[in-house]
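Visitor: In case it helps, Swiss-Prot gives these features for our protein:
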- Cys19, Cys55, Cys84: [4Fe-4S] cluster 1 binding site (BINDING)
- Cys153, Cys157, Cys160: [4Fe-4S] cluster 2 binding site (BINDING)
- 10-120: domain 'MTTase N-terminal' (DOMAIN)
- 139-377: domain 'Radical SAM core' (DOMAIN)
- 380-447: domain 'TRAM' (DOMAIN)
Amino acid sequence: MSTVTTPSAPKVGFVSLGCPKALVDSERILTQLRMEGYEVVATYEDADVVVVNTCGFIDTAKAESLEVIGEAIKENGKVIVTGCMGVDASVIRNVHPSVLSVTGPQQYEQVVNAVHDVVPPRKDHNPLIDLVPPQGVKLTPRHYAYLKISEGCNHSCSFCIIPSMRGKLVSRPVGDVLDEAKRLVKSGVKELLVISQDTSAYGVDVKYRTGFWDGQPVKTRMTELCQALGSMGVWVRLHYVYPYPHVDELIPLMAAGKILPYLDIPFQHASPKILKLMKRPAFEDKTLARIKNWREQCPDLIIRSTFIVGFPGETEEDFQYLLDWLTEAQLDRVGCFQYSPVEGAPANLLDAAIVPDDVKQDRWDRFMAHQQAISAARLQMKIGKEIEVLIDEVDDRGAVGRCFFDAPEIDGNVFIGLDDGSTVQPGDKIMCRVTDADEYDLWAEML
């Protein structure tokens with residue numbers, strides 16, 4: 001008697017680099033491959049082909065991408081490259097000529113077709129037996145997910161090359177966004193992190209046209225989108241918010257508990273001169289007034305931001321202006337980067353003095369020390385307060401979670417001691433009382 005053997009599923013390795021927006025691209029590619037019967041494996045040696053989703057935002061990210069591509073070639077040999085760095089394929093092929101395919105961001109079908117060329121899907125594959133969840137393959141923990149609402153950006157910040165890599169703003173249909181959010185919530189997601197290159201510009205490209213969701217008209221606009229997301233009973237957190245005037249409309253939704261009182265606004269600098277060189281909004285005095293007004297309307301509001309020090313033309317006076325502005329603004333969560341020139345960025349052509357590396361480092365150190373003192377003082381005010389915590393991890397030492405003012409990966413944590421026999425699991429929301437704080441994290445006891 002002859003034995004019939006069933007061919008094994010083709011295996012794909014996947015490395016996703018860069019920002020949450022790239023992570024969502026990776027999830028979309030992996031979902032399509034899983035629907036076609038591919039198995040996703042965790043090691044190079046087990047894979048029939050490896051896909052590397054690259055980051056090309058700054059030169060250090062490009063260097064990391066090239067290093068990972070080289071590692072994949074060495075360990076596996078069959079490598080497909082996609083993502084932001086793939087916009088200029090020659091940069092990759094000059095270093096790694098053996099890569100099988102190079103595509104740019106959002107070119108999902110081309111990536112999948114490239115995988116087909118290397119290792120075709122099984123002809124007898126039945127997509128009905130794969131059990132790919134309705135929300136697709138997710139690379140985040142089960143209890144939170146990134147919700148990408150648009151691609152591209154209409155701004156021309158002089159330090160950035162995102163528009164050249166991802167194009168102009170293209171908003172997703174509001175009904176599609178809300179359908180995806182609903183599927184994620186149904187699958188157990190407790191927190192939706194709304195992302196794009198410019199979240200607050202959502203709908204500008206389609207003139208805020210009216211779409212439909214659940215049979216009701218909904219404008220393709222940030223405020224209306226947040227109102228709808230706020231009806232789903234989960235945390236809704238906004239990232240990459242450009243400080244347009246209509247952002248003011250979101251504050252009442254936060255005060256009413258519809259969405260989290262958390263704004264991630266990359267101010268980048270405060271000096272009017274540097275903001276002008278960056279081609280960013282240069283109304284720092286009005287920004288301070290807006291922050292004050294926002295906090296009057298929503299006292300719990302948490303503001304996160306990022307800044308660049310050492311930008312061409314930045315003087316000690318400009319830097320001190322930034323420190324003074326931080327003192328006035330009293331931001332809660334802040335990141336800082338030393339300026340790094342990016343190939344193709346307009347800032348490279350500025351007629352402005354280059355800041356020496358040692359001065360950049362000194363200013364970064366001073367910036368971080370200055371902001372740490374502000375952050376520590378603001379977190380000290382949380383001691384004794386009751387907070388709701390979303391649990392991310394549980395081990396024999398206790399639980400690690402986040403409250404409404406902590407985004408995953410980039411902000412602080414809440415550390416909670418647990419009694420023996422505790423049933424707390426990742427994804428649970430529990431009430432706690434804050435007992436201690438430092439400049440980044442909180443410690444709390446379960447109520």
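For all residues, glycine too, the Cβ spot is worked out from N, Cα and C.
Given the structure is predicted, the values throughout are model-derived calculations rather than measurements.
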Visitor: According to DSSP, how is the domain 'TRAM' (380-447) divided among helix, strand and coil residues?
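Guide: Within the domain 'TRAM' (380-447) the tally stands at 1 helix, 33 strand, 34 coil.
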Visitor: In the structure shown, which of the binding-site residues Cys55, Cys157, Cys160 has the fewest other Cβ atoms within 10 Å?
Guide: Cys157
Visitor: If the [4Fe-4S] cluster 2 site is taken as the center of the Cβ atoms of Cys153, Cys157, Cys160, which further residues of that chain fall within 8 Å of it by their Cβ?
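Guide: Residues close to the [4Fe-4S] cluster 2 site, other than Cys153, Cys157, Cys160: His155, Ser156, Phe159, Ile161, Ile162, Pro163, Gln197.
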Visitor: Expressed to the nearest Å, what is the distance separating Cys19 ([4Fe-4S] cluster 1 binding site) and Cys160 ([4Fe-4S] cluster 2 binding site) at their Cα atoms?
Guide: 14
Visitor: Which of Cys19, Cys84, Cys153 has the fewest nearby Cβ atoms, counting only those within 10 Å, among these binding-site residues?
Guide: Cys19
Visitor: Once Cys19, Cys55, Cys84 are set aside, which residues in the chain still have Cβ within 8 Å of the Cβ centroid of the [4Fe-4S] cluster 1 site?
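Guide: Nearby residues not in the site list: Leu17, Gly18, Lys21, Ala22, Thr54, Gly56, Phe57, Ala61, Gly83, Met85, Pro105.
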Visitor: Expressed to the nearest Å, what is the distance separating Cys55 ([4Fe-4S] cluster 1 binding site) and Cys160 ([4Fe-4S] cluster 2 binding site) at their Cα atoms?
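Guide: Here the two Cα atoms are 13 Å apart.
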Visitor: If one measures from the C-alpha of Cys160 ([4Fe-4S] cluster 2 binding site) to the C-alpha of Cys84 ([4Fe-4S] cluster 1 binding site), what distance in angstrom results, rounded to a whole number?
Guide: 13
Visitor: What are the DSSP helix, strand and coil residue counts for the domain 'MTTase N-terminal' (10-120)?
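Guide: With helix first, then strand, then coil, the domain 'MTTase N-terminal' (10-120) has 55 helix, 22 strand, 34 coil.
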